[in-house]
Amino acid sequence: MTHLFTMFFNKSVLSLVLIVTMSLVVDSRPATFLQDFRITWSDSHIRQLDGGRAIQLVLDQNSGCGFASKSQYLFGRVSMKIKLIPGDSAGTVTAFYMNSDTDQVRDELDFEFLGNRTGQPYSVQTNVYAHGKGDREQRVNLWFDPAADFHTYSILWNHHHVVFSVDEVPIRVYKNNEAKGVPFPKFQPMGVYSTLWEADDWATRGGLEKIDWRKAPFYAYYKDFDIEGCPVPGPKACASNPSNWWEGASYQQLDAVAARRYRWVRLNHMVYDYCTDKRRYPVTPPECVAGI
């Protein structure tokens with residue numbers, strides 16, 4: 001009798017584990033577009049695909065478009081797979097960023113994909129605003145064609161650093177150097193945003209290359225929307241919880257493999273770094289000296 005009860009109990013536990021596991025799989029990331037996001041600009045220019053698991057952004061002479069997360073977050077990681085505008089995309093900007101949505105003391109973490117003339121490399125510009133101070137641009141020429149297929153772009157944000165990555169390759173690290181007087185975004189929650197727009201006064205070769213509207217409409221595609229972080233409003237203790245996976249020891253600094261990839265990007269693909277721009281900054285910014 002005891003043996004039969006044990007077998008029944010074990011099978012019941014196993015069934016419960018399977019049910020819970022299946023439930024977790026159904027609710028797992030990535031999310032559909034409308035689960036986490038809303039359209040903020042020109043809903044006629046954002047089209048849902050594959051049951052909302054992907055979207056198409058459209059830019060034409062009438063309008064660009066944009067979307068934003070329904071919630072703000074304080075620390076975590078956000079990632080999306082994006083396929084950029086193919087062919088002649090000069091003068092266009094596809095942006096994916098986090099923003100505190102505060103007017104004066106703004107925090108912001110930017111990916112901006114700068115369009116190009118056909119055959120030229122696609123550049124991605126990153127920027128960091130902390131406590132209202134920005135102008136920390138870096139540009140990297142991507143080592144692949146980002147319009148040929150989807151690639152994963154992510155921002156990891158914890159108490160130790162901000163890491164911008166492309167297909168798990170770090171292209172920018174902004175460290176928390178508050179102890180050396182360098183501001184770091186850690187007090188204000190940020191939403192997740194994306195826009196597709198025309199910026200031919202600066203986007204391609206400093207504005208020398210203008211948008212060719214004969215090539216319009218321009219399309220960018222997104223899928224696999226993934227936000228993991230502390231939502232605000234939400235549990236107040238979340239953001240300071242050291243048990244959050246993004247605060248774990250393995251995420252507090254780059255590991256040896258990631259550090260090698262990061263050096264490779266900076267040596268071979270970086271085309272602009274504000275830290276070395278003596279015309280703009282005759283005195284090197286303190287975060288550059290501190291080891292950004």
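Each Cβ is built from the backbone N, Cα and C atoms, and glycine gets one as well.
Keep in mind the model is a prediction, meaning the values are calculated, not measured.
Here's what TrEMBL has on this protein:
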SIGNAL    1-28  signal peptide
DOMAIN    27-222  domain 'GH16'
ACT_SITE  GLU108  active site, nucleophile
ACT_SITE  GLU112  active site, proton donor
CARBOHYD  ASN116  N-linked glycosylation site
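Positions of TrEMBL features highlighted on the structure.
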residue	record	contacts (Cβ under 8 Å, 6+ apart)
GLU108	active site, nucleophile	TYR97, MET98, ASN99, SER100, ASN127, VAL128, TYR129, GLY134, MET190
GLU112	active site, proton donor	VAL93, THR94, ALA95, TYR97, VAL124, GLN125, THR126, ASN127
ASN116	N-linked glycosylation site	ASP88, SER89, ALA90, TYR122, SER123, THR204, GLU209
